[in-house]
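Participant: My questions all concern the structure below.
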Amino acid sequence: MATWTQNEPTGVTKRRRWNLEDRASLNKLKHHIAEEGCPQMQYDLAKELLDNSIVEPNLAKGNQSQKAVNWLVSAAHNGHEDAVKLLRQCYNDGSGITAENTDEVRRCLAMTPGERAARKAARELFACLSNGNEHITPKQLERKMRRIYNLQRKRRRRDDDRSSSSSEGEQEPECEPLEDVPTIDLANVERRRLITEAHLVSAASNYSAGQMPSVNDALTLSVPDPRSLDHVPCFYRMIFHPLIFFTLFYHRLLNLIVSIPNVIPLSVRCSVLVAISWWSSRHMLPLVSYYLSLGIMIWATCKMLKTKQQFVDFRIWSGLFLSYGDQNIEADIAEHRFLRNNMKPYLYFFCAFICNLIVYPLVTDAWLPHSELTIISGALTFITMCVSMYASSHQLPDWLVIVSFAVNVLAKYPYEMDEVVSTRWRFLDLRVPTFSSFVIGNGIEFCLNCRTALYLFIPVLLIMMAKRSRWHGVYTFLIPHCVTLSWLQVCIATSQSSTVFGVMRAALGLAGIVLFLPLFGIVALLVPVFVAIDSLGLASEQLRWGSTALACGLVVVLSCILALNRATQKYITMLQLITAITTACLLVLPYMTSSFKDTPRFNAMPRAGLHSLSETNTLPWDRFHALCAQPVHEQPNKIKAQLRCSLLNGMPVIWEGSVTKVEISRVSNFLEDTIANYLPVWLGRMLRCLHGENISQHFKCDPKLDAQCEEWRSVFKTFNAQSGSCTLQRWNRYEYELLVKVGTKRSGRLLGRSTTTDVILRAHHDFGNFTRLLSEGDVVLFYGILHNSRLLADNVQVKLKTIECVECRSRDLGTASIERVVAASPMDARLQDLMRGIKYLLNALLNPLITFK
């Protein structure tokens, strides 16, 4: 017991003091306070146990150190930094560290101060919301987070001082009881997942690591609830709740596009890539690469937009932990980690963007829907710009993003292709050169003008973005803004080949996709009105228009009343569909039962023949015969003429001749070669029947026209009965050889010698349909390139590019042509395509300062 003692008077008055005769009561009080969660008391007890200031009779010395470590771990979890330092010292010395607590000590020491503070805030939050229960509901947590977020927005908007902010915070209830279970709807109970303290502590750890807490999947913080419009009929959701409708549509579209790689299995993706590698030719490869890179760009952009929406949720979590934590909460560091952890879609985007720019000049314009691509890229440009303008927590948009976008538009806009700007808006004519241009090297031009000045101002703006927040603005502002500028470049490139009607068509198509349900609902409402008015047979046009407007207004009002009524809103959609389909059938049925005459709307378009080609760039037959054919034929020593004529290889020619012989010179089948050389027999037989067809089915003939048709069929029937083999001949790639006699017999008679020479035309697989219909004696006009001209060959060889029938027996023969780049080898052609793509990429990045021609 404590008693008062008084010292003897010595002339100086001293303080009275307590004499604690029983210190066990004080130790019990300390233990009780420490068990209640006081970090300072836990630290003091641990320090006294380590210093042997407290001797507990029931514990040995080793167990006493172990208990001190347990107190230090508890104090460290509660945010006591001195306890962390002492715990680290104990771990290094091995004092109190056992096999049971070593893992827990390591995890505690591995945590950052911010993570420990966040975990402490999570425990306090759960204790506040649970009121002693073992769990809380997502609705409680969501309501608390929304309340704190709205309060922080009001504080930022009003810019109040701390005292007023704290007074406002005191008005908010800190703790709230659990919901009354009987009042909760059964459907909500089934879909709701209860949250325990372990869930919140795990969420705090994920938050500190810059990862979205898994608990966030059960919450709807920055987006409306997906079921918020389920009580409204489908056709009336945009009419009654337009903002929620478009918001839900936006987020559902993002989720759909983002989930595409997860929906398509990996085996299917690999099979598609293998098929593309097999079937893609040199001209198909750029087309496939373009659309593949464009799809990756769209997917990566949607993934970025999804990350931006998640970042808003992450900031709400920051506000939650800041409101319940202390000064050790590292909200800025956690947010920067979250942005860095989600940089992978940006890498995919820029790689696909570079590939898209490289292959764009290699793709034929006929294979690209420029107007649709312009609308899509333009929409993504403005969406990404609007999202990046509000990357910070400020209410006003980021002025630097707007200025940078405007400067890029002024610098990259194709003024020379816009008639309105070039003829009327002379004050925007930035193409006037103010400095002289300089030619640097082969095909590189350095020029300075007003657009160049704007272009040089762009890096300054980008550096200003990157310098924000101690260079954290690189991934907060700069990289998202570069995505906007990339889509702007795609929009400008595709808009140069688009048309006004094409852009209108694409815009209406995009609007139709977004507004399909509302438009269909309006049509379903108005079709019965049109049928009813049409059945009345009103003669007066004014009466007809007035009755139509009145009936439409009544129908719309009546349908809205039925949609708002709870008793009828479940059946209004089905009733509307049935009525619309019935009335549409009544309108269409008379026209379907009538007979129509199909008249051609368009005449056959005339085709330009080979006669329209210029002969200035080609080698005429008379000159070739005089230089090569005649000397090689007449001179006994042909070496000199052969060497000279070999220099003509690659020169284009346009000649006319008579067909003498047509045959197949070469057959290639990549699939058959792979199966025959690299696969076992049983697997090869299976793949031949899977990808090919039966020989008897492949062989087709007409007994009336072919006398040996029946004999061939019997042979194949017997062969199939014995082996059951299949063929892959439909995968064959043929090269044809046409022997054509070129020359003029009339001039030969006058000169006393013949000027005709046999020329071999080597035709590509694409000429198969044309060559099969040729007959001996047909006169053709062909365009091609000389190949191995009179060198190591008996006849002149020409690689066929275009052939036109002049006098042929078959009436189906016209003109056949292939478009191929003249190059020394396929590898040279691919290198030329690659150089064109790289020049286009460099022009997109450096033009107009440096131009690669």
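The backbone N, Cα and C atoms fix where each Cβ goes, glycine too.
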Participant: Out of Asn206, Asn769, which one does Swiss-Prot list as N-linked glycosylation site?
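Facilitator: Candidates were Asn206, Asn769; Swiss-Prot attaches N-linked glycosylation site to Asn769.
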Participant: Swiss-Prot annotation N-linked glycosylation site: which of Asn63, Asn694 has it?
Facilitator: Asn694
Participant: Using DSSP, tally how many residues of the compositional bias 'Basic residues' (144-157) sit in helix, strand and coil.
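Facilitator: The breakdown for the compositional bias 'Basic residues' (144-157) reads 14 helix, 0 strand, 0 coil.
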Participant: Do you know which of the glycosylation sites Asn694, Asn769 has the most other C-beta atoms within 10 angstroms of its C-beta?
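Facilitator: Most Cβ neighbours within 10 Å: Asn694.
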Participant: To the nearest whole angstrom, state the Cα distance for the pair Asn694 (N-linked glycosylation site) and Asn769 (N-linked glycosylation site).
Facilitator: 23
Participant: Before we move on, state whether the transmembrane segment (373-393) and the transmembrane segment (545-565) share at least 3 Cβ pairs under 8 Å, counting only pairs 6 or more apart in sequence.
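Facilitator: Output no: the transmembrane segment (373-393) is apart from the transmembrane segment (545-565).
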Participant: The transmembrane segment (285-305) vs the transmembrane segment (473-493): three or more C-beta pairs under 8 Å (separation of 6 or more)?
Facilitator: yes
Participant: Should anything in the same chain at least six residues away from the transmembrane segment (473-493) have a Cβ under 8 Å from its Cβ atoms, list it; otherwise answer none.
Facilitator: 297, 301, 304, 308, 336, 339-340, 343, 346, 349-350, 353, 356-357, 360, 373-374, 377-378, 380-381, 384-385, 387-388, 391-392, 398, 400-401, 404-405, 408-409, 412-414, 462, 465-467, 844
